[in-house]
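Residues or ranges marked as domain 'Ig-like' by TrEMBL: 12-120, 270-364, 463-555, 761-849, 971-1055. The domain 'Fibronectin type-III' annotation in TrEMBL covers 564-660, 662-757, 858-953.
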């Protein structure tokens, strides 16, 4: 069967020329075992200066160009009309090992593209079901001896070069699980002869199992522990290597008899992937930085870079590299502002980039300490909150450090620092300050001691509320959400008045709740634990006694951090920047918003990085220093005098990308009366957004309106603008488009006039056609002559002044060349061919001389001129037919009349006469002569009619007259046939010697059957030695062979026995197949 794989769809009239070079990519294919399949790739050649380079690969690295042979053929053609190169890879008689992934790579001077495709081979598995990671195929010469072995430059020894058959019992598995003390017992039980070699391989197998737990399995799920598997299938010799490792990277040699074949195996390390990427970090000056990533292999080697420069250990030990299993660390101690930048970790299979921002230390005060007024034996708490939870500080009282004791306690929890004074006394009244260590801050507040004076009052005094709001408006108290509000309200009156608290006509009673009232003789206490926004409002306190009543309104205001803003919006996205916009929070916490804090992170990361330390006053911010092609998210915090809000929801994910640069080398390729052909090259910078295509526009000279020249975008790097008005002057421009938008425009400098440009005709005659073109009879002639000229010139071919016959010679013309094609050259095609180009009154012509040659005829009039001594003189005349080529010489041969075996005396002999010397006395000789030209020797030779007799020299002796003796005798075998035992598949011979006068006729028989008509047998007889050659005998050719000699005087017979043994390798394959089928 034959299957051709091409892309679906109809073939367009004009070939596409995409950026990827391919017009048609090779598609996935499927074939059965023994079938043929063809993969086709087509490349547009309109914009290429020369033929592209194409390579075919199997897997990642096996170049198939060196594997061309019986099972693989590569072809390429060129369609001059459509300007398309076609490349084909044909797989012949596919087998299961051909299945897998393939790749086609095409490259030109400034472009490269590749296409992957898969081949599926359906059918039964062959007799060996090993899953191999690499194999070699060898095809030994069929007549070579059976010696076959493979040499590994590092690893293989003689013990490993033996094929081992797989029995029903897996001896390897038994040895692997058995203790060493049982090895000899197992070897005796299963007939193992090379126990030492098996134990060596078993030791290596166990090492491989420690490195990797993966095993190769067959269809039957049986584990094969062989490292090297040798197979012999017919004339093929296959070596399969399982569990390839770097140790298998070596040269391999296959030796068959005296023939050798070499190859190399290259083993690459598997790519190391980055499973957990780096995270962006923001630290303060002096802090420790630790970048962490995780790779796919323990102990892998990685490369660290900062802003494209490799980091090494020699740099004053500033950088420290650490490995912990699959995790890789880069540690920077005592970071400085110079350490800011992009850090990259690279492996052979991935890259990860993270940004480090190092900021100078700057402390923000979210909540300062406030003045306090407390009574005797009450509690005083000074509290402040700063931005850094690691900052420590000291408390001062009137400039002296406060020493904590049982009554005075200092605490630091997170960002909050507290100074707590229990049982306040008049001595605690002072100015208190908190100073953060390392920062020029001084937070101060004053503690006032409230002294309660007891005066004598007359009886029946009306109730009075003595309210002091610490210098603020007398009826407003401000409390921070979450803090405790304790309001002491001194009262007086006799008799003791009754106190009533209420909020919006709701009475408040003494209780243990969060909002409660505590009553005492001379004062009452209003307490709110953990103030909330709902606690805001006007509270009224009423005191009554029989004498009268008094009341006061107290306004409580709860202030808090703002609500989180809504999710920010991203706009104006560029290559490494974007604009972030947001709205103020719906609730500012009762205090004006002082500013905003912005954070960003990579989408797949969990670490947020702060972008500003100074509060942002505006509602927009331009974020910079981002990595193009990475997806980010943004969020915002609102900050007031109380603190920082919770974060807003994350923005929609976005990717910083930039439009490409403008296309390059934008030029006009051709102009006609209604079309303009343009070409260009891709932009120098494309970016992470890729390239969607190009938009081509034009406008008339003097106008500002640009009109699209093509409908939509084009992916090609050339364009033909049609249907233009003749005579118009047009400006052309082109832009590259991607997700980020349009690039800058590339504009042709001067306007283009739509008008055919008259160009003189000019023929560019190739160098090899400037001399006489010599071809042999029967060869194909294809002459391509490029030319130029506009408009398209008229082309005229002439031969020897006559018009060419279109039936005998093919002519094909295009806009750029003309082709003369002769399918089969004949002698009459020789002559002078003239090509003429004509445009109006302008012409150009060239002449091509073609000479078709053939083998010459034999020499004529050969004569034996004279014979003397040991010499013979010959003469002849040149041949009548010289084959349309100069006679280069003659070849003279002689033959003894007895044997008529020809021997060359002279070759390349230039003269037409010669003297043949060193002839043997008493023999008769015939002579023949061949003529020779560029095509070779003549097919026939001129032979002398009469032989030349070399007479004996010396005194003439007249022998006495004797009765003629009868030398005739019957045949007699002087050397018998010998019984032989041979191997099937290799030619063998049976030889014997016989004598008899006259020369006897010879007959050969097998088991009394005549062999003279069987083509499998060849019979030779030379000088009485008789030979029977049996071609590739099989076991059926064994038997009794008889040689019979017969002449006039009698006959003789002789016999021998021939045994044909089966091929051991084929028997082994058959045995393996039978055992596995069982």
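Any Cβ shown, glycine's included, is placed from N, Cα and C.
When averaged over the domain 'Fibronectin type-III' (564-660), pLDDT in the model lands at 90. Contact between the domain 'Ig-like' (761-849) and the domain 'Fibronectin type-III' (564-660) does not hold: fewer than three of their C-beta pairs are under 8 Å, each pair 6 or more apart in sequence.
When Cβ-Cβ distances under 8 Å to the domain 'Ig-like' (270-364) are tallied for each of 463-555, 564-660, 858-953, the top count falls to 564-660.
Residue counts of the domain 'Fibronectin type-III' (662-757) by helix, strand and coil are 0 helix, 46 strand, 50 coil (DSSP-based). Secondary structure by DSSP for the domain 'Fibronectin type-III' (564-660): 0 helix, 35 strand, 62 coil.
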